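S.K.: Here's a structure for you.
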Amino acid sequence: MSRRDFATVFRYEARGRLRTSLLLSGALSAYGLVFVALAPDLLVGTDLAALLESLPPLLTALVGFESLDSVAGLLASEFYTFGWTVGLAAYVAYAAAGTVGGDIESGRAATLLSGPTARTDVLAGVAAGLLVPIGLVNAIVPLALYLGAGVIGQPLSLAGLYTLHAVAVVYLLAWLGLGTLVGVTVKRGRLAGRTAIAGAFAAWFGEAALSVTTVSELGALSPARYFDPTAVLVEGIIAPLDIAVLLAIAVLALSVARYRFVRTDL
C-alpha cells in the first residue's frame, strides 16, 4: 500500500463526511439529552418491577428494559439500543456499502485506478473516511450527555460513558467492515446500501429473538451479541473476548472485501 495514495483518497473522503459527521453528532446529542431531561419523571413513582414482569420476553431482550432504574440504565437500554446498536450501525454499514458499491457502479473506482494507484489504496481510503463520523460522534455525544446530566442533578460517570463509547467504536468498525464487503460484493450503490441497512436491523432483531429461544447460541453470529451497553455503562463490565470478536469480524470482513475488490472486474 502506498501511504501517499491512501492519504489522498482518505483526505477526500474525510472532508466529504465532516459536515454530516458534525450534524449527526449534534442530532444524537440532542436525542440523548431528551432521555436525560425526562429521566427524573420517568424514574420516580413507577413500579418498575411490575412493569418489567408484564412485558413480553422478546421486547425486554430487544430493548433491555431490565435496566430501567437509573439515568444510566435508561440511556443504555433505550438511547444506545436505538442510537448505536441499530441506528449508527445501520448508518455506518449503509455508508460503507453505498459508497463502495456506488463507486464501482458509477465507474469512479475505475477512474481512480486509471493512474498508478493500487486498488488496496482506494478501498482502504474510502473505508477509512468513515472513521470521521465514527470518531466524532463517539467523542462528542458522551461529553454532551455528561454535561446535560450534571445540569439536572443526575450525574453520569464520564469515564463510564467514554468506556462505553470506546467499545462502541469497535462495534461500529465491525459494521464498517461488513458494509464494505457488501458494497464490493453487490457493486451497486443503492442496492448495497439497502442490503447493509437490512442486515444491521436483521442482526439486531435476530439476536434478540434467538436469545429467548432454545437455540440462543445462533445469536453468536450477530455483532449485536457482542455489544452490551447496559453491561458496560450500568454494571461496569468490559468483556475483552467480545471486543476481540468484534475486531476479528472487522478484520475478516475488510480482508475478504480487499481480496474481492482486487480481483473484481471494474
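Each residue's number is its place along the chain shown, starting with 1.
Backbone N, Cα and C define each Cβ position, glycine as well.
Curation does not apply to TrEMBL; its annotations are automatic.
Sequence annotations record features per position, and here TrEMBL assigns transmembrane segment to 21-39, 79-101, 122-147, 159-184, 196-216, 236-257.
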S.K.: Of the listed stretches 122-147, 159-184, 196-216, 236-257, which one has the most C-beta pairs under 8 A with the transmembrane segment (79-101)?
M.R.: 159-184
S.K.: Which stretch from 122-147, 159-184, 196-216 shares the most C-beta pairs under 8 Å with the transmembrane segment (236-257)?
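M.R.: Answer, by Cβ pair count: 159-184.
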